[in-house]
Amino acid sequence: SEQKIVKAGDKDLDGQLDFEEFVHYLQDHEKKLRLVFKSLDKKNDGRIDAQEIVQSLRDLGVKISEQQAEKILKSMDKNGTMTIDWNEWRDYHLLHPVENIPEIILYWKHSTIFDVGENLTVPDEFTVEERQTGMWWRHLVAGGGAGAVSRTCTAPLDRLKVLMQVHASRSNNMCIIGGFTQMIREGGPRSLWRGNGINVLKIAPESAIKFMAYEQIKRFIGTDQEMLRIHERLLAGSLAGAIAQSSIYPMEVLKTRMALRKTGQYSGMLDCAKNILAKEGMAAFYKGYIPNMLGIIPYAGIDLAVYETLKNTWLQRYAVNSADPGVFVLLACGTISSTCGQLASYPLALVRTRMQAQASVEGAPEVTMRGLFKHILKTEGAFGLYRGLAPNFMKVIPAVSISYVVYENLKMTLGV
């Protein structure tokens, strides 16, 4: 506990707490304790009793008896009233690091799971208790199911984005309505969902690999904290994302080729994979790999940094009665942070898609990432690096909203 307090308060990283650092730690910690106290005080009478503890823990999915709640009370109750006032609560917890108060962790947990059809978000974290009880896989299943429904509902916009990234240019200025009309005219309404099957199929392996890699990397980092700090989450999340993306990257290439295919070109995913392998070789399944890997760092870094900054700013300014920012605040933070992350990494995503789409022709020179950037800037200008951005942003709010509704319903069904 003492090591965690020093680590949390040590601003100049000299391994010691001086007086100013200690005061700053206590002020910051007291603010968080006040928020949790008010969240537990359901009756708003300035005191916490056994029933309020039972109810609050039940809301967090932890069932305890009233006798157990009274034991918790007795450990903090100095004056024998069997209720806890603010001073008793603060004095008891002030020199306990934040990680020892599960309420603070659980109020903010599982808020970054919403799937907007991009694959680079930092994985969620789970407590020791959730790992032991098997709650973690239920959260992952609920998140995967929500992602599948969300991606399927927004698939037409996703396919339009891919078409605009690959085919739009100054001479062929594809607009949103024109793009949809062109797709329907070429292959009927069903063609709007081309590439969606593989996009949904890759959710499960990617989520599983990312989660396992994230847990292992956390151990290598050597932290003993229940929840990682922001720079540690960025490092672990980026590396886990890179490992997961490397493992399933051929499916990314297949998704792009399936989205761009013409009517009757392939009979299905396997046929598409066989054709690529026969005509272009195994290397074709890793086209665009470098820009894809380079895009992980700015996306994950900006997404996470903006999300944490917005959430913490809101809590500092507006949190009065609860440490829980609320669903709409979290959704707004998630939408804005995802948008900022996509803006930063979009040129790399566009170059990756163009490289994935390029079928190898015997004797033709291979287009490199640098060569493609130069070509786009020369022929289309800087704007050319953002082709397809409009449908990409159009899908963020419906994707997040659908993800949230399905995620909450699946959590209830799975007993989370």
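Note that Cβ sites are derived from N, Cα and C of the backbone, with glycine treated the same way.
In the predicted model, the domain 'EF-hand' (28-63) shows an average pLDDT of 79. The annotation domain 'EF-hand' is assigned in TrEMBL to 28-63 (among others).
Residues annotated as domain 'EF-hand' in TrEMBL: 64-99 (among others). Distant neighbours of the domain 'EF-hand' (64-99): 1, 4-5, 8, 26, 29-30, 32-34, 37, 46-51, 53-54, 57-58, 105, 225-227; these residues of the same chain sit at least 6 beyond its ends, with a Cβ under 8 Å from one of its Cβ atoms.
The repeat 'Solcar' feature in TrEMBL is assigned to 134-220 (among others).
Taken from TrEMBL, the feature repeat 'Solcar' applies to 228-313 (among others).
According to TrEMBL, the repeat 'Solcar' annotation covers 325-413 (among others).
Residue counts of the repeat 'Solcar' (134-220) by helix, strand and coil are 73 helix, 0 strand, 14 coil (DSSP-based). Within the domain 'EF-hand' (28-63), the DSSP-based counts of helix, strand and coil residues read 23 helix, 2 strand, 11 coil.
With helix defined as DSSP H, G or I and strand as E or B, the repeat 'Solcar' (228-313) counts 73 helix, 0 strand, 13 coil. Sorting the repeat 'Solcar' (325-413) by DSSP state (H, G, I as helix; E, B as strand; all else coil) yields 72 helix, 0 strand, 17 coil.
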